[in-house]
Amino acid sequence: MSLVRTIVGGLSGLVFGLGLTVSGMLDPARVRAFLDVAGPWDPSLAFTLCGAVLVASVGVWLSGRMSRPVFDDRFHLPETRTVDDRLVTGAALFGVGWGMAGLCPGPAIASLVLGIPATLFFFVAMVLGMALHDRLSIRSVWRTRSVDG
Amino acid sequence: MTETSYFASLLGGMAIGLAAAVMMALNGRVAGVSGILSSLWRQAPSMPNVAFLGGLCSAVLIYRAVSGEVPAIHVQASPALMILSGLLVGYGSRRASGCTSGHGVVGLARRSPRSIVAVVVFLASGIATVGVMRMVGLP
């Protein structure tokens, strides 16, 4: 079962990465043009978001009709329900970085193999930022156990 | 932007959605990149997570081998800004327990109130950031 889950994970990552590549999400300039609603706005990545949510919704709908996932005993879904300040401030900080660079975690990882120095800097800093957060939150109360994504 | 790029963006998005749907229905997990990446140090290594990251990394190589094209990447920010924004994206995604994939794709598909709030907030702050940078004359 574990081997099958590993194969599913690999295929999912591959299809995810191909989707990012084909859609234009890998290009920081395209992402920033999508966010530049006051300037020469490029709405094409809105189609990416809508297409992704639409198809993922089918998966969610199917999963809702299943008692358990095909290759595991139960679904592992986030349990946190409340909208708290961590969610809002975290998303706000994330958006500032996303707007400045035009990169988010998926494209930053997928473009690693191209070896572009600026995106490598971004990736290393991103990992440090993540690890810093996790280090600090272990020290206080471990409230981040439930992970949305 | 041409109609071809709208179509490619839609098609690419649908592939991302398919990857997330497969992860959910077969493995019962959220395909959230920041959660999967940080699981490498938050918990004992999970082979499906490592494989997901490996697949994500090899996608560009396969795309290049099949299409003969290197995907366009235009970096506008200075190296210093790339480092600062990397720190913000990393810290913020963990603080919010998710990023564009976990909240933006899977969370919205699950109609999660937390994810709807996260997406509205990061879209708003991203749009505001690009707007402010334009105003102060940063690339």
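Placed from the backbone N, Cα and C atoms, the Cβ positions cover glycine too.
Feature annotations, reproduced from TrEMBL:
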TRANSMEM  B:6-26  transmembrane segment
TRANSMEM  B:47-66  transmembrane segment
TRANSMEM  B:72-91  transmembrane segment
TRANSMEM  B:116-136  transmembrane segment
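Same-chain residues lying 6 or more positions outside the transmembrane segment (B:6-26) and placing a CB less than 8 Å from one of its CB atoms are 52, 101, 105-106, 109. Outside the transmembrane segment (B:47-66), and at least 6 residues removed from its termini, the chain residues within Cβ reach (under 8 Å) are 23, 27, 29, 31, 33, 36-37, 39-40.
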